[in-house]
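Structure record follows, encoded as structure tokens.
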Amino acid sequence: MPTNFTVVKVDDSGDGSNSEAAAGCSKPISLDKVFQEEGDVNNSQEPESEESHKESTPFINSNNDGEWNYKDKNMALYEEEMDSAPMVASLLNKLAKYTNLPQGVREHEEAEDGVTRVAVMVPQMGTFIGVYLPCMQNILGVILFLRLTWIVGTAGILESLAIVSMCCICTLLTAISMSAIATNGVVPAGGAYYMISRSLGPEFGGAVGLCFYLGTTFAGSLYILGTIEILLTYIIPPAVCTDNNGLTMQNNMRIYGTCCLLLMALVVFVGVKYVNKLSLVFLSCVVLSILATYAGAIKTLIEPPEFTVCLLGNRSLKNDCFETCSKTEVFKNNTVTTELWKHFCSSEYSNATCDEFFTLNNLTEIPAIPGLLSGVVKDNLWSNYGPAGIKIEKTNLHSESPQSPSTDNDRYFVFNDITTYFTLLVGIYFPSVTGIMAGSNRSGDLRDAQRSIPVGTILAILTTSFLYISFVILFGACIEGVVLRDKFGFSVKSNPVIGALAWPSPLVIVIGSFFSCCGAGLQSLTGAPRLLQAIARDGIIPFLQVFGHGKRNGEPTWALLLTVGICEIGILIASLDEVAPILSMFFLMCYLFVNLACAVQTLLRTPNWRPRFKFYHWALSFLGMSLCLSLMFICSWFYALIAIVIAGCIYKYIEYRGAETEWGDGIRGLSLNAARYALIRLEEAPLHTKNWRPQLLVLCKLNSELQVKHPRLLSFTSQLKAGKGLTIVCSVLEGTYMTRKEDANLGEQNMKATMTAERTKGFAHVVVSSSLRDGFSIMIQSAGLGGMKHNAVLMAWPAGWKHPTDSLPRRNFIETVRETTEANQALLVAKNIDHFPDNQERLKEGAIDVWWIVHDGGLLMLLPFLLMQHKVWRKCKMRIFTVAQLNDNSIQMKKDLQVFLYHLRLDAEVEVVEMHDSDISAFTYEKTLKMEQRSQMLKEMQLSRTEREREAQLIHDRNTASHSVVNDKTDGATPDRVHMTWTKDKLLNERNKHREGMAVKDMFNMKPEWENLNQSNVRRMHTAVKLNEVVVKNSKNSQLVLLNMPGPPKNKKGDENCILSDCYMILTSV
């Protein structure tokens, strides 16, 4: 941040905070008092303002230690600076006491218990408890216990390792980027949302934050569905409801899942403290289940488990409905049929009619867990994908196929419930590696967050990656392939496949996975509402603000209700395999933007980017971002597009309706770098005509209330530009910047508000100058930056031309014409601008007439084309008029002009107006006569140039009023008597000059002859009069008339300004 080393204090008696200093008090306001006042203000506000305060100032937990008295101190030289800038000693004292304990679970527990615990200034949670274990608990979950064995059996060991490696590398790269962001400051509650929003801006932060919220919510659905699947499949199978209507397993999942969701929501609503107290129990269940799995794998080296698989031919059978894997058995020296015979034959007798496949093939019983030394790993290396409904078969066994297959007994075989392929398995597996944000969410509770977050998170990812890779290898090396592909364990007595491997009993896995899923579901229902509450309290999405409120203790009640509703949608899907890819999309998008945020901040090299974690690089972040994007489309291109569309819609909504929040994000820095690069490139080569478009400098005037005097000028600007190209709206205030700084800021704010109301996209600037003329001259010369400079100036027709005592607007206008001409810029002057249509009007008919007198490079042709792109002028037609002289061929001119417009690709009607030489009217002579007569008279009286222009204005006003009468006069008509505007002092001064042969009365009676007039001025006046008559005659019903105005005369020192301004008035009069 820039630092002012020299500060000059300016007392403001209107400021209440400085009233004591203004009254002459020698003791300045103390820094501690300021901090205490800030603390009192924040304590009186609602909880949602706490986070924003923490972000705006580091001095949160400051106490009033007494005022500082700098009198007779060594630092008396800096007494005046003490009011606004703290001393270094005081600053360091406050920073040492700084803490950032977010309002989270601890505060909610205190509010519920009614007991306020003693505040601990330095949190005592270390890396292991604060980061490592929470990440482990969130990463290890339902997929490990319910789907990993099935993924290994379906994809094979090699492809399973590829799936696990891709997902783990993705999360590892994301963790590296997240560690860099998290150690670049303090991350309060909100986790990934806070990091992305403060790094990429509110638009990206809100979009990804909501995606992260949806991912966390659907994670709750996933864990609840896993809980119900374990309950109905392995713990209480009789609880499955069936009736005559054939209520399927999915409907059971919906019913029991909804009941479980409501129960968990009630637990979260009653008190989140119960969830926190049970978190250690849930983590213990996960750890015990993992240890039991490793113990079972090691035990297979000594003694494999007793689980067997019954195969009919090469097809796997469900062995929960029979005990003996044979067709017959010997009972009391008699051969009898078994239960399996009864399932495939019409009766229990040996002569019964049996299924053809049952008759042709023999029954084989093989061990389900052959063990590490069995060599089964060779059979499980490769994939075994298949469509839904296909029976699971052992590939190295042969079976006889019947001539007429029957499906009557298919219910006794194990088959695929869904179509399997590689990308589906990636989407199902990825939720098992999510949860890496758990540590960053608790940064306020850590002793050293900048060390604990990177170390704990990366260690947790490495640990879980090792666990997953080792499990893939162990499952493939220990378990038979047909058992691995049995998703629900029907071939091993309806036990989970990983439970068949575990030691000492499958119940360890069943109970451990059940409580693990319950705990993870509760954690999701606890975290998702708080994430939504953090987004709502930031105020970036207006319609979510209601979810920022809750109970008195800050518990997000409304956010919890919305979370339960969205979670119910996932439960109604009733399939863990279909919810998992949805969950993967939202988490992958979140991780993608975490990597993007780190890469952008690293490449921008902003001074504020100083992470404590040094082992990051922008290339790693881009690799992680690319991997996340690839995994999104690998999992499901359909869901990926939906997630991108949702995020895009949220982004555009926040951009259009969201609150204006400035967080110093990286996107703004990226925009500044891109703008700088583009400006430098624009100056490297001249602009080609194909890329030319009007870049406008709009000269606005502000009224006495500092409001825009002509708002329709900005409307016309928006209609002409349509948001394309450069638009700079400027105004000038007379005075000095020191005295009118506040007026300039207020005027600029009002100008920006008017631009917003008139939908004018551009830049606004108000300058303070000693005169309006100098101010506008400076803007014409210096507005813009580099290659982005204006090439056209737009202004309203100057007011005050008819005031006889004020020639300043006329002189300023002529000077503006001269300056724009000298700067090779086009000048657009809108007359009667207040009568122009606004942006809400729609002109249903009419024409835009272009009077093409002098070729100006094509700008006059381009203006109506640009206007007709806007809705206001879209239904108008374009007409082009040109003037033919006596020697011109009008017919040929019209044809040539039509060809010219065809090559310009403009649709317009062409008219050639003949304006032959004619006698100069009496009005023209009289008008010129009066201008020159007055000019001569003023010269002889030795008046200044300004006074001469003022007196010439009086003549113009009188003769303009008599325009219609003068044409009827004869050529010898005498001009009207002209009354001078004299002061008494000036008259006395003239009398004192003792001029011989001349008096004031004689000067009034001077009548120069018409033949002595300047013929150049006569011809100019004649052209203006005749051309005005033609324009009024042909374009009186047009909506808009565009006309070439004559340029300024080359002689800047003569009285041509008066003639030129008079020609302008006559030419544009209606």
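Note that Cβ sites are derived from N, Cα and C of the backbone, with glycine treated the same way.
Copied from TrEMBL, the annotated features are:
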- 131-301: domain 'Amino acid permease/ SLC12A' (DOMAIN)
- 420-697: domain 'Amino acid permease/ SLC12A' (DOMAIN)
- 711-826: domain 'SLC12A transporter C-terminal' (DOMAIN)
- 827-1051: domain 'SLC12A transporter C-terminal' (DOMAIN)
- 1-65: region 'Disordered' (REGION)
- 139-157: transmembrane segment (TRANSMEM)
- 163-196: transmembrane segment (TRANSMEM)
- 208-235: transmembrane segment (TRANSMEM)
- 255-272: transmembrane segment (TRANSMEM)
- 279-298: transmembrane segment (TRANSMEM)
- 418-438: transmembrane segment (TRANSMEM)
- 458-483: transmembrane segment (TRANSMEM)
- 503-522: transmembrane segment (TRANSMEM)
- 558-576: transmembrane segment (TRANSMEM)
- 582-604: transmembrane segment (TRANSMEM)
- 616-647: transmembrane segment (TRANSMEM)
(message) Can you tell me which recorded stretch out of 279-298, 418-438, 458-483 has the most Cβ pairs within less than 8 Å of the transmembrane segment (582-604)?
(response) 418-438
(request) Determine how many residues of the domain 'SLC12A transporter C-terminal' (711-826) DSSP places in helix, in strand and in coil. (result) 58 helix, 23 strand, 35 coil
(message) Using Cβ atoms and a strict cutoff of less than 8 Å, what residues sit near the transmembrane segment (279-298) while being 6 or more residues removed from its termini?
(response) 133, 136-137, 140-141, 145, 305, 369, 372, 467, 471, 474, 478, 498, 501-504, 508-509, 511-513, 515-516, 518-520, 523
(request) Would you mind listing the long-range same-chain contacts of the transmembrane segment (458-483), meaning Cβ under 8 Å and 6+ residues beyond its ends? (result) 127, 131-132, 135-136, 139-140, 144, 148-149, 152-153, 156-157, 160-161, 164-165, 168, 171-172, 175-176, 179, 290, 293-294, 297, 300, 309, 311, 316, 366-372, 374, 376-377, 379-381, 384, 392-395, 414, 432-433, 436, 439, 489, 491-492, 497-498, 500-501
(request) May I ask you to check whether the transmembrane segment (558-576) and the transmembrane segment (418-438) make contact, with contact taken as at least three Cβ pairs under 8 Å and only pairs 6 or more apart in sequence counted? (result) no
(message) Restricting to CB pairs under 8 Å, which listed stretch, 208-235, 255-272, 418-438, 616-647, is in contact most with the transmembrane segment (503-522)?
(response) 208-235
(message) Between the transmembrane segment (616-647) and the transmembrane segment (418-438), are there three or more CB pairs that fall under 8 A, provided the residues in each pair are separated by 6 or more in sequence?
(response) yes
(message) Give the nonlocal contacts of the transmembrane segment (208-235) in its own chain as ranges (CB under 8 Å, at least six residues past its ends).
(response) 141-142, 145-146, 190-193, 196-197, 200, 249, 252-253, 256-257, 260-261, 264, 431, 434, 488-489, 494-496, 499, 510, 513-514, 517-518, 520-521, 524-525, 527-528, 531-532, 534-535, 541, 563, 566-571, 573-576, 579-580, 582-583, 585-587, 589-590, 593, 643, 646-647, 650
(message) Taking only the residues in the domain 'SLC12A transporter C-terminal' (827-1051), give me the average pLDDT of this model.
(response) 68
